[in-house]
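Below you'll find the structure, written out as structure tokens, and then a few comments.
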Amino acid sequence: MGNKAAKLSKEDLKELLSKTSFTDKQIKDWYKGFIKDCPSGELSRAKFLDMYQELFPDGRAKSFYQHVFRTFDADDSGNIDFKEFLLAISITQSGNPEQKLDLAFKLYDIDRNGMIEEDEMCEIIKAIYLMVEDDPKKADQGPTLRTQHIFHQMDLNRDGKLSKEEFVKGCLNDKDLFQLLTCSNDQQQQSKSVNNVNGNDDEDDDDEE
Ligand SMILES: [Ca+2]
Ligand SMILES: [Ca+2]
């Protein structure tokens, strides 16, 4: 076949060159891979979850990746097109702190009302814990306490919600929080930073808290 192979439009290529740190060739290579997996040019929610199901066969990451899907799907169309996909990948791989925080804010602002409510943050942190925490008790209680702690630290005007400004300021002032709240798409780093926050150490269980 191949005579109808989807091509990346010049406009999209130009936009991606200006908005990402990828080179012309890298973008085209990403596009080839993307079209191979998604011949329609769009990544559906089901396909996205399937991909992560392969990486995390025990299903513990499912609820988290539903949120990642929503975050990548910038226009809320129910599919991730190549531009949405590559912009998000670029930010997670090589974005500056502000870009990472911008993406993280979208992850936590589930209802897209421009504020992070306490239950929204708790839900995401719970999904992260579920994915990396083996102790179900910790995975159950940890997120609520963690969320309360984060709000205590970040909710400067005490209105029970985090504005973008409060969120960005709070993360930039606290390295651990920055890692926990922004490394949302790097499983390895994520597991590391949740373990840091929990005081866990995979290889050495002697000094359990
Ligand atoms: Ca979309
Ligand atoms: Ca919200």
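The backbone N, Cα and C atoms fix where each Cβ goes, and this holds for glycine too.
Annotation comment: TrEMBL describes 60-95, 96-131, 142-177 as domain 'EF-hand'. Annotation comment: TrEMBL describes 187-198 as compositional bias 'Low complexity'. Annotated region 'Disordered' per TrEMBL: 187-209, in sequence order. Per TrEMBL, the feature compositional bias 'Acidic residues' maps to 200-209.
As a summary of secondary structure, the domain 'EF-hand' (60-95) carries 24 helix, 3 strand, 9 coil according to DSSP. Counting residue by residue with DSSP, the domain 'EF-hand' (96-131) contains 26 helix, 3 strand, 7 coil.
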